[in-house]
Amino acid sequence: MATSLKSLSEHSSKNILDISNKKFAIVVSEWNEDVTEALYSGAYQTLVQYGAAKENIIRKNVPGSFELSLGGQWMAQQEEIDAVICLGCVIQGETKHFDFICDAVAQGITNVSLKYNKPVIFGVLTPNTQQQALDRAGGKHGNKGDEAAITAIKMLGF
Ligand SMILES: Nc1c(NC[C@H](O)[C@H](O)[C@H](O)CO)[nH]c(=O)[nH]c1=O
Ligand SMILES: CC(=O)[C@@H](O)COP(=O)(O)O
């Protein structure tokens with residue numbers, strides 16, 4: 001279902017895992033920081049809302065979404081980290097650069113999660129326009145950061 005037909009922030013709280021002793025890393029891309037900061041706020045607040053201890057949420061920044069894979073790996077390889085949330089926003093420009101970044105970061109994050117056998121969540125917006133990004137970072141379609149945090153919690157309860 002397209003995001004425009006649902007809210008990224010709506011989710012069932014039934015059977016949610018106790019995450020009071022779980023440790024989370026949130027890796028945030030600095031490109032389009034007005035958007036990624038909103039994604040971070042959504043993810044952080046959702047983790048705390050569901051019981052994560054603030055001291056158990058570690059934030060790291062990377063320059064751009066392309067670096068989320070390596071930043072995510074540096075966090076996932078740490079034994080005490082239970083889940084990693086990677087947040088970014090790649091906005092279509094004039095060239096094919098968008099395609100290369102999106103493909104690389106989607107595959108890269110997938111590879112890290114499989115390599116370290118732990119949730120590494122793809123919380124990356126790939127909109128065509130700035131407005132589409134804002135709509136999905138706390139706007140009319142909710143917050144992708146919320147969705148990424150809930151996804152991490154659900155995967156820990158697998
Ligand atoms: N154009 C966007 C980028 N570009 C930068 C890359 O992510 C990367 O940092 C660079 O190619 C050096 O490796 N990054 C985004 O996150 N969003 C964009 O819209
Ligand atoms: C996704 C990008 O890297 C993009 O913003 C770069 O813009 P352009 O394709 O116009 O160089």
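Yeah, the Cβs are placed from backbone N, Cα and C, and that goes for glycine too.
Marked as 5-amino-6-(D-ribitylamino)uracil binding site by TrEMBL: Trp31, Ser65, Phe66, Glu67, Cys89, Val90, Ile91, Phe122. The (2S)-2-hydroxy-3-oxobutyl phosphate binding site annotation in TrEMBL covers Glu94, Thr95, Arg136. Feature annotation from TrEMBL assigns active site, proton donor to His97.
Within 10 Å of the C-beta of Val90 (5-amino-6-(D-ribitylamino)uracil binding site) we count 24 further C-beta atoms, all protein chains included. Cα-Cα distance from Cys89 (5-amino-6-(D-ribitylamino)uracil binding site) to Arg136 ((2S)-2-hydroxy-3-oxobutyl phosphate binding site): 10 Å (rounded to the nearest whole number). Filtering Ile91, Glu94, Thr95, Phe122, Arg136 by Cβ distance to ligand 1 (under 6 A) retains the following binding-site residues: Ile91. Sequence-distant contacts of Trp31 (5-amino-6-(D-ribitylamino)uracil binding site), defined by Cβ-Cβ distance under 8 angstroms and a gap of at least six in the same chain, are Pro63, Gly64, Ser65, Gly88, Cys89, Val90.
For Arg136 ((2S)-2-hydroxy-3-oxobutyl phosphate binding site), the nearest of the recorded positions by C-alpha distance turns out to be Ile91; the candidates were Phe66, Glu67, Ile91, His97.
Closest in space to Phe122 (5-amino-6-(D-ribitylamino)uracil binding site), of the recorded positions given as Glu94, Thr95, His97, is His97, taking the CA atom of each residue. Between the C-alpha atoms of Glu67 (5-amino-6-(D-ribitylamino)uracil binding site) and His97 (active site, proton donor), the distance comes to 14 Å. Geometry remark: the residue listed as 'active site, proton donor' versus Phe66 (5-amino-6-(D-ribitylamino)uracil binding site), CA distance 11 Å.
In this structure, Glu67 (5-amino-6-(D-ribitylamino)uracil binding site) is part of a helix by DSSP. Fewest Cβ neighbours within 10 Å among the binding-site residues Cys89, Ile91: this applies to Ile91. Highest local Cβ density among the binding-site residues Ser65, Thr95 belongs to Ser65, counted as other Cβ atoms within 10 Å over all protein chains shown.
Annotation for the binding-site residues Glu67, Glu94: lowest Cβ count within 10 Å of the residue's own Cβ, Glu94.
Secondary structure at Ile91 (5-amino-6-(D-ribitylamino)uracil binding site), as computed by DSSP, is coil. Within 10 Å of the C-beta atom of the residue listed as 'active site, proton donor' sit 12 other C-beta atoms, taking all shown protein chains into account.
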